[in-house]
Amino acid sequence: MRNSWIKPRLGQKNITQMNFAKNGIITEEMNYVAQKENLPSSLIMEEVARGRLIIPANINHVNLEPMAIGIASKCKVNANIGASPNASDINEEVEKLRLAVKYGADTVMDLSTGGVNLDEVRQAIIKESSVPIGTVPVYQALESVHGSIDRLTEDDFLHIIEKHCQQGVDYQTIHAGLLIEHLPKVKGRITGIVSRGGGILAQWMLHHFKQNPLYTRFDDICEIFKKYDCTFSLGDSLRPGCLHDASDDAQLAELKTLGELTRRAWAHNVQVMVEGPGHVPMDQIEFNVRKQMEECSEAPFYVLGPLVTDISPGYDHISSAIGAAMAGWYGTAMLCYVTPKEHLGLPNAEDVREGLIAYKIAAHAADIARHRAGARDRDDELSHARYTFDWNKQFELSLDPERAKQYHDETLPEEIFKKAEFCSMCGPKHCPMNSKISDETLDQLNNKLAKCDIKV
C-alpha cells in the first residue's frame, strides 16, 4: 500500500513524519490516520509536529497500515510476542502475531531473545504484519557477542539498531535514560532493576565504568532513525517491579532524563513515545501519568500495565488491566498488555488472546471515560441487541465474538435458542427484559402520578 507514498521520499536526509509535519506537509500516512480516527488531517499534522502524537511507520515496512498513538487519538494496545532460548520457534511467533492482530492489537513488539535466528524471526514478523512492529535492540546486541558483556562495544549497539531499521522495524525501545549515576538509587528497592534492557546496560556500565552508550551516542541514533522514519520508544529501565518501589527516586530520576532525551530527539525531528511502569498502587497512577506529561513535554505515554497488586500471578492480566484502564483515563496513549503468564513463563497463543482482550476492555473503557467521539456507539448497539434478544448481533459486537458464542452455547447450543427471549441464567419465565413496559404505559403512569401530586 505504501510503496507509492514512500518512493518520492527516498534520498531525502530526513523523512520522518515529524519533519514533514513541522514543514506543514500532510503525508499520506497522516491522511490515512485521520480517516481511521475520524479527526481532521490538519489536527493530525499539528499533533505530530507538536510531538503529542506519533505515527510509527518505517519506510521499509511497506505493508503497514498506519496508525496513531497520542492523546488526541483513541487509546491503543500493544501485544508482546517473541521467542526465548527455552521456548518457541518462528512459525509459533508468526501465529502469535496473527492471533494478536485478530484480537485487536494496535502494535506488536518482537521481544525475541534467543532460541531462533533473531533476524529471521523479525523479518518473518514484519513481512506478515500490517500493524507497527517494535523491538528492543539491546537483546540482539548482547546475543551477537554470545552474552559476553565485556565484548559488547558502543558500535555493536548502533550496528544492531541500524539493522532493525533496515529490516523495517517501526519503533525501537532505546534504554538511553538510565545513567550510571542512577544505579545507586536502586539500593533500597525490593526488586532492583526489572527491565531486561536496563539490566544489560547496568551490567555494561558497571563492567566498563562508563556512561550508558545509548545516552552518549543518542544523537548518532537520531541520525539513523531519520533515514528510516523509525520512532523512539524511550525505555524505562528503572520502572518499578513491585508496589514498594513505585514512584521512587530511581524511577523519577530516569524520567527526568527521558524528558531531556525526548526534546533532543524532537530537535532532530524524530518521533518519540515514552515508556512507563510497571507496578503502581491505584492511588499513584494519576501522579505517574501527570509527572510523565510534565517531564516529557506531553510526548505520548506508553505503560506496561500498571499492575495494581503483586499477589496475582496467573491473573496479572486482570490486576494490570485495572491499572491500565485508569492510566488510559488519565491520558496514557498506549497500553502494553500483560498476559496470565506474566512473571511465570513465556505466553502461548491462548495467553496472548486473554491478555489482549483484557487490555482492549481497558483501552475501550478509557476512551468512554474520556468522552471520545463515538466511543460508546458499539456499547449502545450491543445493548439494543441484548434488549431485543438478537443473540447473533450480540456475539458480532462483542470484543471476543467466539468466546461470547461459546459461553452461550455451552447450555443452549441449538440454533433455535439464537432466537429465544432468554438465556440459561434466568430461563424463559424470569428474564426481566421480557417484562417490557411500553413508553405509552409509562406516559399514562406519569400522568396518574401527577394527578396524585406524587413527585417523580
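Each residue, glycine too, has its Cβ placed from N, Cα and C.
A 10 Å cutoff on Cβ-Cβ distances gives S237 (substrate binding site) a total of 32 other Cβ atoms nearby, all chains included. Secondary structure at S237 (substrate binding site), as computed by DSSP, is coil. The substrate binding site annotation in Swiss-Prot covers N80, M109, Y139, H175, S195, R196, G197, D236, S237, L238, R239, E275, Y302, and the record cites sequence analysis as its basis.
Annotation source Swiss-Prot lists Zn(2+) binding site at H279, H343. With a cut-off of 8 Å between CB atoms and residues at least 6 apart in sequence, the same chain places P240, G241, C242, L243, D245, A246, G305, P306, L307, D310 near H279 (Zn(2+) binding site), listed in sequence order.
Per Swiss-Prot, the feature [4Fe-4S] cluster binding site maps to C423, C426, C431. The local packing around C431 ([4Fe-4S] cluster binding site), expressed as other Cβ atoms within 10 Å of its Cβ over all shown chains, amounts to 15.
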If you draw a 10 Å sphere around the Cβ of Y302 (substrate binding site), how many other Cβ atoms fall inside it, taking every protein chain shown into account?
28
Neighbourhood of Y139 (substrate binding site), C-beta criterion under 8 angstroms, separation at least six:
L111, S112, T113, L118, R196, G197, I200
Including all protein chains displayed, how many Cβ atoms other than that of G197 (substrate binding site) lie within 10 Å of its Cβ?
23
Please compare the binding-site residues R239, H343 by how many other CB atoms fall within 10 Å of each one's CB, and tell me which has the fewest.
H343
I want to verify one value. Collapsing DSSP to three states, which class is G197 (substrate binding site)?
helix
Select the most exposed residue of C423, C426, where exposure means the fewest other Cβ atoms within 10 Å, treating these as the binding-site residues.
C426
